[in-house]
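Dropping the structure in here first, questions after.
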Amino acid sequence: MNKYKNKYNTDNKFNNSKYIKNNQVELSKQELEDEEILKINDDEFNEGLNKQALFQQDDYVYKFKKQQKEEKIGGDEKTQIDNEKPEDFNITLKSIDFKSINLPSFKKRFLQSSTIKDIDSFEFINSTTEFIIENKSDDDNYYDDDDDDEGDKNKEKEKEKEKEKEKEKEKEKEKEKEKEKEKEKEKNKEIENKTYPNNCKIPIANTGESECLPNTLKLFFKKTQFPTPTLFQQYAWPAILTGHDIIGTSLPGSGKTLGYLAPMIPHCLARVDRGGKNKITGEKAPKQYTGILVLVLVPTRELGLQVHSNTLIITQLFGIKTSVIYGGISKNLQIEQLEKEKPQILISTPGRLIEMIENGHVDLSSVTMLVLDEADKMLSKGLIPQLKQIRGQIRPDSQNILFSATFPDSLKEVSKDWIKDPSIRLRIGSSELPKLNHIQQDAQLIAHHKKPRALIKLLSEPQFKEKKKTIVFFNKIKELKRISIMLLKSNIKHDTIFGNIDQELREKLINKFSSSRSTLLLSTDIIGRGIHIDDIFNIINYDFPRSLEQYCHRVGRAGRSDKVVNPKAFSFLTNSDSYLVEPFVQFLKDQHQNISIPFLKLCNENFGTKFEFTLSKRKQKKLAQKDDVEKDDEAYLAKYEKLIKKDRKKDSDDECKKFKSFKRKNIDSDSDNDSDSNSDNGKETKSKDKNKKFKKY
């Protein structure tokens, strides 16, 4: 057990006074080369380390390492900012005073529909049926009249009578048409009530050719041969095109990325200067750069690269330029890229963006649309200071879009700083946790030191040997490396990805995994959010995540396309996860998952939970038979014990009676022998021997 114990405890050598002097750390070369000491954890804000000393230790080591890098670089160029660590930099940006600036107006509304009611907020839940409104035009009937015969008056009278009859028929037809129109109006009202949910007058884009969408979006969907939009996209596109701020939540793989990328097309085209022809000279005017119009903030580098790859088709079709910047690679290359491309859409992680703003390479004063992808992660405590600095660089009337798979109620107050009324809250599915019914989920309660063997046994099952893509998630890099060595010794080929490795290698590993050149990947939460790989069949939580929201993000990586049949998720839980057992089991029940009875029994025994479960008929019969046998055995044992007790009592009573009678006789014989001093010695020895037999009584 000692070898599995975490070596980072309160007695760690970094807490010794000889290693800490004047808030500085003195480390040997071997300690600096040891990655396991320098990099403790890669999960969300080091939540896995509960003791404050460990946070201080990590901070001291990082500062020392940072000083060494600055000395090597020479101090002219600042060190790179890792966007995943909020404590990696100390930059304070001055917010722009937009009140003193005459801000140019911009078009927000691109929805081809009636205006929205003036109320504080809207909330869309669930789905509606597809309805198409058809406007029928009234056709006028024309009749040809014969030429009048002046000499034949009778014919004229007959014609007049025929005309009167025709007029009567026309009147009857008109009445029938009016009745049909009234019926159609009633039908249209019913359709409008269903097409515009909750009386909000925001339609649903059932197809890419819906009337509510602008022509630029229709052209985009036509050229890309876009299939039927997902349920989330049907609601999200019209909602964003209204120009209002929006919070959107839906399960992983529901098309949230394209849900906010598509409305950017009309938003940018309305402000991009295309350099049209001069009316007088007929010459083409040079294009003028309008600045960054849309900013997309993402929590991880991998998600930023994925979003950027989805914007390339927009650049090809409409000439809207996009760029992505993130930490982990050279800033000079990104600066050259920004100066060359001059993007209208910028995708970035918070840390690198703040550094670029401070150095004067990025100006956000022209941004009119702000997107927070994975908003629940972005609005967590560690990143809020960075986001507030970025928000101070953007005009206050910008349209803000917050999308995520989960958005707990605890973040509603925080989101008020980013959402202006009237706002729209779009929710498809559960209020906090998405539905993952399409994924078969199972769990096992196990001791921590038994998890490695259990993982190897699990990976040796047929479903994992078929070379189906599998991701194994860890909370700590140290544990990931240890398990990786064990798997290599067991001849199980795999790749590993975590925060320590270079960005180029991380990109290569993701491309290798997505192209099926490798099928087993060990990872931290670095790819637990937003990364879209179509054909992932299995998810294994070697370390159970520290929240159910993160569990949904991890498990949601599987089964994101029709190619994947029967995706599965398996989780190991230990005693340290006891605080999540009850909500996790309730979540599985809400998902209609078959929870194993041994798992529930162990939870009841170890954690004192009171989970109820029903056994199958076969198991019930077996248990009933066992109970009957046990009852019979207990009855036989009880009877046997009673008989033994009775026999013991009888034996003891008989012996006591014999002893008492013998004792009386012996006393009488002794009294008679007192007068007779010359008694036989043989008789005395016999009486002594008899007395010895009854001494035990």
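Count begins at 1; order follows the chain as displayed.
For all residues, glycine too, the Cβ spot is worked out from N, Cα and C.
Predicted, not measured: the structure shown is a model, and the values here were computed from it.
Summarising the annotation, Swiss-Prot assigns region 'Disordered' to 137-190, 665-697. If you look up Swiss-Prot, you'll see 140-151 marked as compositional bias 'Acidic residues'. Summarising the annotation, Swiss-Prot assigns compositional bias 'Basic and acidic residues' to 152-190. Annotation comment: Swiss-Prot describes 189-234 as motif 'Q motif'. Residues or ranges marked as ATP binding site by Swiss-Prot: PHE226, PRO227, THR228, GLN233, SER250, LEU251, PRO252, GLY253, SER254, GLY255, LYS256, THR257. For 237-425, the entry in Swiss-Prot reads domain 'Helicase ATP-binding', with the evidence type sequence analysis. Taken from Swiss-Prot, the feature motif 'DEAD box' applies to 373-376. Taken from Swiss-Prot, the feature domain 'Helicase C-terminal' covers 450-603.
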Using a Cβ-Cβ cut-off of under 8 Å, list the residues of the same chain that are 6+ residues beyond the ends of the motif 'DEAD box' (373-376) and lie near it.
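Those are 247, 256-257, 260, 296-299, 303, 307, 402-408, 411, 415, 529-530, 549, in sequence order.
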Counting each residue once, how many in the motif 'DEAD box' (373-376) are helix, strand and coil under DSSP?
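Tallying H, G and I as helix, E and B as strand, the rest coil: 2 helix, 1 strand, 1 coil.
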When you measure from the Cβ of SER254 (ATP binding site), how many other Cβ atoms are you left with inside 10 Å?
22
Note down the number of other Cβ atoms within 10 Å of the Cβ of SER250 (ATP binding site), including every protein chain shown.
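A 10 Å sphere around the Cβ of SER250 (ATP binding site) contains 27 other Cβ atoms.
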In terms of DSSP three-state secondary structure, what is the assignment for PHE226 (ATP binding site)?
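In the DSSP reduction, PHE226 (ATP binding site) maps to coil.
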Three-state secondary structure of LYS256 (ATP binding site) from DSSP?
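The three-state answer is helix.
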Greatest CA-CA distance (Å) over the residues PHE226, PRO227, THR228, GLN233, SER250, LEU251, PRO252, GLY253, SER254, GLY255, LYS256, THR257 that the record ties to ATP?
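Across PHE226, PRO227, THR228, GLN233, SER250, LEU251, PRO252, GLY253, SER254, GLY255, LYS256, THR257, the widest Cα separation comes out at 21 Å.
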Would you identify the secondary structure of SER250 (ATP binding site) according to DSSP, in three states?
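For SER250 (ATP binding site) - judged by DSSP and reduced to three states - the answer is coil.
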